[in-house]
Amino acid sequence: MAAESPEIGQDAEPTDSGPMHRSFESLLTVGSLVFWAIVALYAYDELALLGGASRAKYGVAFLGGILLLYIVNEFVTVFEAENPFAAPDRRSAAMQYLSSVLLVASGLVVLATTVYMFTHFDAMYVGRRGTATGFQLVLGAVFTLTMIYLTWRSFGVTFLVVLLAGIGYGLFGESIPGILGHGGITPERMLRVLVLEIEGFFGSLNRLVAAWIALFLLYAGLLKAYGAFDLILRIAVRSAKYVSSGVAQTAVLASAVIGSVNGSQTANAGMTGSFTIPMMKENGIKPSTAGGIEAVASTSGQVLPPVMGAAAFIMANLVDVPGISYVDIVIAGLIPAVILVVSITVAVHYVAAPQIDDPTMDGFFEEEKPAGEFVYDGIKFLIPLAVLIYVLGVLGYTVGTAALWTSASMIATGVLFPLAKAAYEGRDLVAELLDVGKRTVDGAREGVVVLAPVAIILAAINGVVDILMTTGVPTSISLAMMNLSGGILIVAAVLSMAICILLGLGMPTTAAYTVVALLVAPSLTGQFGLPDLSAHFFVFYAAILAGLTPPIATCAAVACGIADADFWETCKEALKISAPLYVLPFAFIYHPELVSGTFGITSLTAGGLALIGALVIIHGINFRFPLSRSTTAGTRVGFFALGVVAMVHPDLLIQGGALVATAGLHAIQSTISPDADAPDTQVPGQ
C-alpha cells in the first residue's frame with residue numbers, strides 16, 4: 001500500500017496568490033484573534049464585558065462578528081486564484097463579479113445592522129417591542145435578505161428552500177387549507193419576529209452558540225492544529241494489528257471520535273473520509289463497503305459523549321426538566337452510545353474482515369513514532385480533557401466557563417510541551433516558539449472557519465422556528481399526529497421518526513436536532529406522556545438518520561463520491577451496518593431507563609438486553625450464513641425480528657424469550673448443512 005503519512009492534524013500551506021489574498025488572510029487572522037478574545041472575556045466574566053451587557057446584547061455582537069469573519073474567509077477563498085475574475089467566458093466572469101459584489105454588500109449590511117442594534121439595544125429589546133420605525137423595517141428587510149444569501153452560500157439550495165418555505169409559510173398561512181393553516185403574519189410582523197425584536201436570527205440558539213458552543217469549536221480547532229487528529233489516526237492504525245478487521249476499525253475510530261466534535265456528519269465524512277476511504281480501498285475493501293463504513297462512522301460520532309456533535313449543549317437548554325445540566329445529558333447518553341459503538345464495531349468486522357488484504361497496515365506511515373511519543377502526545381491532549389471533566393463535573397461551573405478553561409489549558413499544553421521537548425533535545429527554542437505560535441493562530445482561525453457555518457445555520461433555524469412558534473405549528477403537528485396515529489404510541493413513534501428524517505435532510509446535527517426537538521418532541525411528551533429525555537433522545541437519534549437514509553442520504557452521498565462507488569450500493573452497505581440505529585430510538589420510548597442517566601439494575605438490564613438485541617440484528621443481516629439462498633433469507637428475517645423484540649419490547653419476559661428463541665435459531669442454523677447453491681461459505685475472521 002502507499003506509504004504516505006496523512007498528517008490530518010495539519011492544513012496544507014495556504015496558496016499565496018497576491019496582495020489581495022495576503023490582505024484578507026491577515027484580516028481573517030487578526031479578526032479571529034480579536035473575536036476569540038471577546039468570546040473568552042465574556043465566558044470569563046459576563047458582567048465585565050461591554051458594561052454588563054446581557055446575553056442577548058452579546059449575542060448581537062457575536063452573530064455580527066462571526067458573519068463578518070465568514071465573509072472575510074470567503075474572500076480568502078476567492079483570491080486564492082491568481083486572477084479570480086478571469087474566466088473562459090463572459091458569463092462565468094460576470095458571476096464571479098456578482099458573487100464578490102454580493103459578499104461586499106452582505107458585509108456592509110451585517111456591519112450596519114450589528115452596530116445599530118447594539119447601540120440601540122435597550123430601545124429595541126425592551127422599550128419599543130411590537131413597533132418599528134421605517135428605517136428599522138428597511139434594516140430588518142436587508143438583513144433578512146443577507147441571511148438568506150449567506151445561508152444559501154454556506155449550505156446550498158436544500159436549506160435555502162427550508163428557510164424560504166418557513167418565511168413563505170408564515171406570510172401566506174391563510175392560504176393553506178386544513179390543520180396547518182393559520183391567519184398569516186404581516187410583513188412588518190415577520191421582520192420583527194426575524195430581526196427587530198432581537199429574537200429570530202438573534203434568538204436563543206444564537207445566544208447558546210455564543211455562550212456555550214463557540215469555545216468548544218475553538219478547542220476543536222486547537223486540537224486539529226496541535227496534531228490531535230493525527231494522533232487519533234496513529235493510535236487507530238496501531239490497534240489494527242490486533243484484530244483482523246483493523247483497517248476498517250481504524251476508520252470507525254478516527255471518524256467517530258473526530259465526528260463527535262465536528263457537529264456535521266456530512267462534513268465529517270468529507271474530512272475524515274478523504275483519508276480513511278482510500279486507506280480501506282488500498283487494503284482490499286470494496287469501494288461501496290468503504291463508503292458505507294465511513295458514512296456510518298461519521299454518523300455514529302454525532303451521538304458520542306461528551307460533545308455529541310454539539311447537540312448535548314442544545315439539549316440541556318431545551319429539555320423541560322428542572323435543574324438538568326449538560327453533564328446530566330452526557331451521562332444519559334452513555335448507555336445508548338455503548339450500544340451503538342459495540343454493534344457498529346461488530347458489523348464492520350463482519351463486512352470488512354473477509355475483504356482485507358493486509359490487516360496489520362504495515363508501512364502506512366513513512367515514520368513510525370516510538371511509544372514515548374504516544375505517551376507525550378497523549379498527556380498533552382488528556383490534560384485539557386481532564387480539566388473539562390473536573391470543571392464541569394466536580395466544580396459544577398457553567399458550560400461556557402468549562403469550555404474557556406479547556407481551551408486555555410489546550411493552549412498551555414500545546415505551547416509548553418513542545419517548548420519543553422525542544423529544550424530537552426537541545427533544539428532552537430525561538431524556532432520552536434514561532435512554530436507553536438503559528439499552530440496556535442492556525443487553531444484560532446480553524447475554530448472560526450468551523451464555527452461560522454454552525455452559527456449561520458442555527459441563526460437561520462432560530463428564525464424559522466420562531467416563525468413556526470408564532471403560527472402555532474407545534475400544536476398543529478401534535479393534533480395531526482394524534483389523529484393519524486389513532487392514539488397508538490408505536491404508530492406515532494414511526495410517524496415521528498419519518499418526520500425527523502425528513503426534517504433532518506441536509507442539516508448539520510445541531511440544526512437537525514433543534515428543529516425536531518421543537519416541532520416533534522412536544523407531541524411525544526404532551527400527547528403520549530413520554531419523559532422529556534426519552535422524547536428528546538428519540539428525535540435526536542432519528543434526525544441524524546437523514547444522512548444515511550436514501551434517496552437523499554447526504555452522508556452516504558459524500559462518502560460514495562470519495563470512494564468512487566455506486567450511491568445505492570453504498571447506502572445498502574451503510575444500512576446493513578447501521579440497522580440497530582433505526583431500532584434504538586424506539587427502545588428509548590419503551591425503556592426510558594436507557595437514557596435516565598442512572599446506572600441501577602433496571603437501566604443496566606435494559607441496556608444489556610438492547611445491546612444483545614442489536615448484536616442479534618447485526619448477526620442476522622451481516623453474517624455470511626453457509627445456507628441456501630431461501631433458507632438464508634428466512635434466517636435473516638428471524639434474527640432481525642428477534643433482535644427488535646429483544647431491544648424494544650416493554651415486557652422483560654418477552655425480551656428474555658426472544659433471546660432464548662435466538663439461541664434456538666442459532667443452534668438450528670448451525671446444524672443445517674449448506675446446500676449446493678449456498679451463496680458464500682466464507683465466514684468473517686476464518
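Glycine too: its Cβ is placed from the backbone N, Cα and C atoms.
Those TrEMBL annotations? Automatic predictions, nothing curated.
Annotated in TrEMBL:
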DOMAIN    167-592  domain 'TRAP C4-dicarboxylate transport system permease DctM subunit'
TRANSMEM  56-76  transmembrane segment
TRANSMEM  97-118  transmembrane segment
TRANSMEM  130-150  transmembrane segment
TRANSMEM  157-180  transmembrane segment
TRANSMEM  200-222  transmembrane segment
TRANSMEM  329-353  transmembrane segment
TRANSMEM  374-396  transmembrane segment
TRANSMEM  448-469  transmembrane segment
TRANSMEM  481-505  transmembrane segment
TRANSMEM  512-530  transmembrane segment
TRANSMEM  536-562  transmembrane segment
TRANSMEM  574-591  transmembrane segment
Do the transmembrane segment (130-150) and the transmembrane segment (448-469) share at least 3 Cβ pairs closer than 8 Å, excluding pairs fewer than 6 residues apart in sequence? yes
Checking distant contacts: for the transmembrane segment (481-505), what same-chain residues at least six beyond its ends satisfy Cβ-Cβ under 8 A? 158, 512, 515-516, 519-520, 523-524, 527-528, 538-539, 542-547, 549, 552, 554, 582, 585-586, 589
Result, the transmembrane segment (374-396) in contact with the transmembrane segment (448-469) (3+ CB pairs under 8 Å): no
What else in the chain is close to the transmembrane segment (56-76), if you only count residues 6 or more beyond its ends and a Cβ gap under 8 Å? 14, 20-21, 24-25, 27-28, 31-32, 35, 38-39, 42, 46, 49-50, 100, 103, 106-107, 110-111, 113-115, 117-118, 121, 125, 150, 153-154, 198, 201-203, 206-207, 209-211, 214, 448-449, 451-453, 455-456, 459
